[in-house]
């Protein structure tokens, strides 16, 4: 005998649809149902339900307004609704109270008016700072740390590793010969074979080359930098600009592989590490090793 009415769960077959339904009702053998998001129709497979909703546009709206209960079929629709009705959730929080604002300007105006900026206090000198970085810089300044980093050549007392690097790169050390940022880079890159902190260049920066502007840079109104087109009132200002790091090649990078920091000067790299902004090395470790690092007695990996 041929049966074409099967139980949706077990292997039993029945001579009529009514018998199959009675069996499934009695034993709760109904198969899983996939309902339409909009109408009452149900389907035996998820694929069938999705095909139905695709064909009829019966998908439930997935995109909610940030303020009201309305839902939309597309991100663009909900964005348009929130723009038209002002229903966007305020994104900018007061640092002290629970108020939220729709713009950073409004939040800052509120915090300024009520002095609601979160305060970062120095316990030793009772000073307050607007953010954690400002407090950290204060704690790492000569006020609290003194001048404990000595130049290995002239013994000048400096506050930090970045201060020592700037002292040497700027040519301020009277006993370091022709020391400048180019000769410092050349010495360090020769030791940094693995490129831990130095970028690989086709040639070393020429320590004897300097861009000097002449009267030919006058454009009828001001003296113009031919590289970035900034204008200066006099040649001295333009030449100071050309001798600054503004157009220098990035010679160094942060040793943290997860950080994309690139730096023109060693002092800038040390300042970045001292800030602990990428959590690669502690401020104290940088200060501890900088003396031997500069003189070549400390391996570069010692800062890791």
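Note that Cβ sites are derived from N, Cα and C of the backbone, with glycine treated the same way.
Automatic prediction, not curation, is the source of TrEMBL annotations.
Across the residues of the domain 'C2H2-type' (63-92), the predicted structure has a mean pLDDT of 83. Residues annotated as domain 'C2H2-type' in TrEMBL: 63-92 (among others).
Annotation source TrEMBL lists domain 'C2H2-type' at 92-121 (among others).
Look at TrEMBL and you will find 120-149 (among others) tagged as domain 'C2H2-type'. Mapped onto DSSP helix, strand and coil, the domain 'C2H2-type' (120-149) counts 12 helix, 5 strand, 13 coil.
The annotation domain 'C2H2-type' is assigned in TrEMBL to 223-252 (among others).
Note: the domain 'C2H2-type' (63-92) comprises 11 helix, 5 strand, 14 coil (DSSP; helix = H, G, I, strand = E, B).
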